[in-house]
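These come from TrEMBL:
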| type | residues | note |
| --- | --- | --- |
| REGION | 1-72 | region 'Disordered' |
| COMPBIAS | 8-21 | compositional bias 'Low complexity' |
| COMPBIAS | 39-68 | compositional bias 'Polar residues' |
| TRANSMEM | 105-126 | transmembrane segment |
| TRANSMEM | 266-283 | transmembrane segment |
| TRANSMEM | 290-314 | transmembrane segment |
| TRANSMEM | 326-353 | transmembrane segment |
| TRANSMEM | 374-400 | transmembrane segment |
| TRANSMEM | 443-467 | transmembrane segment |
Amino acid sequence: MFSRAQRTSSGSMPGWMSSPTGETPPTSARGRKGGGRAHTSSFGDPSQPSWLNETTPRAAPSVTSWTATGEGDPLLPNKDTYVDIGLTRRHFKGPLGKRYSTDMLCFLLFGLYMVGMVALGIVAFVQDGLSDKAIYLTEGVDFQGHGCGSNGAVFYPHYQSHPDFGICVSECPNETSRVQVTLPVLASLSSNASNVIGATNMDAANATTSSTTVMRTVTFPGYATIKQGYVCAPVGALDAVVADTTQLNDVFGLYIGAIRENWEPLLYSAGTCLGLATLYLILLRFGGCFILGLSVVAFQAALVAAAVYIWSLSTNDTLDRHAQNILLIAAVFLVCGAMAYFLAVVVLVQRLLLAGKYLVFGTRVFSQMNKMVLIPFLYSFALVAALAWGLAVTVCLFTAGTTIDVPETIPVESTHAPVTVLVRSFERDSTLRWLFVYHAFGMYWLVSVLLALVDMTVAMAVAVWYFTPTDRQTKAKAFDVADPVQFSISTILKYHVGTAAFSALVVAPVRYIRNFFMYIDANKEVEAGGNWFSQLSSTLCCVRWFSML
């Protein structure tokens, strides 16, 4: 490789072996010590050069007796990671350029999008009668706007011709039932009722009527229905799908209403999970291998206990034979799962021990950076606040609309004359409901950005801790900064919010489309029309392509 003229037999170091940083490695101290085979070259010990082990930190330049070593790696227990990777502190003396934020365009786009979400939330909050309209999402509502309760349902006697006329029933009727109800019937009208009914909803609402109501008991014939959400929907009829009732096909509204009714258990569950996760993390700090082994044993015991419990339930004589067989099959599956899990633990016991060592090594970061424990709490608080805001705005968007009272002539049984009643109709604001798509994507983007910021903050703080040498006398990390956690948080917020927004913006649409194709793949029907093989192949191809992104 080199000519004879370039080679040398003297003790001097060739020029091509000079340090890339301009430093001249001194003679190793280990080479001068007795015992063992010493290195006589100018590099000294190539695996432990002294110019990598001894340096002066920038935070304390006057300390001359300061020596450093790296943090032990689980895979290299007899070596120092800081030395093995060949890093040293180098004092950069050149000019420093001014640092700017990354991905400013995406940062501005993210800021404008968040401003739009706040404006949309304000528009949704300033509506009138939010508490009165929210009842349409949480329970059934009759033709007068009264709730039917959590156990009741709304029955529409004439869902085809009068989709807004519903009455509260305790249970859904069938084709042989007769529903009897007392209605406030309009006795007289100053305006022509037929003209009001034939006009538009707004014209009917603006029409001035002076009438008196008379309570009258009428009977409506029933038909085959089944409870669907808060509504008694028709059974076995195409009209059950296309019926334009207020609450029959409002699937998203029912979902939002269920979340609104159960927000307290959801928050309690989230807080409990967060507390248990934090406690588990603290326990891993003091005994990673023990806690990991205890978790493995606990999961094994849970599988066995579940199998025994389900088997005991199968012996209950009060259950029918079919239910007992299902419980026995479930118990057998749990026993098989427990056996397979035990075999997997036996085969992977060495890897589990190595994982425990890594857990202990990874949780050492909390010993000198106690503020790292606060990062999960801050992220959880921000996430819960964002979800609470998003849920509140969503409920307001779905309750947006106006309620109007329209007189309608309702036919009853053939032996009675039709009756005229005031029917309260809820007209949804379709514009605000479509803006829910904008709001949903913004929430997805915001949560992704929060998660990315937390990951980047933790990564920077751990990197500062890992690559900082340890003082051999105090056994503590000698950080260049006063607080690595605060330094990482401030650095990420100053310079890398745009990067997090850009990465979340790229990932979010891909994840949306991928989830859509996964939904199609999971819910495809065997009796689908057309060339089902080509449809299945194209769907799987799209899913695989989005999985590779």
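Cβ atoms here come from the backbone N, Cα and C positions, even for glycine.
When Cβ distances are compared across the two stretches, the transmembrane segment (266-283) makes no contact with the transmembrane segment (443-467), since fewer than 3 pairs at least 6 residues apart fall below 8 angstroms.
For the transmembrane segment (443-467), the residues of the chain that approach it from at least six positions outside its boundaries are 71, 81-82, 87, 110, 113-114, 117, 365, 368-369, 372, 375-376, 379, 382-383, 386-387, 390, 477, 479, 481, 484-485, 487-489, 491-493, 496-497, 499-501, 503-505, 507-508, 512, judged by C-beta separation under 8 angstroms. Across 105-126, 290-314, 326-353, stretch 105-126 shows the highest tally of CB pairs under 8 A with the transmembrane segment (374-400).
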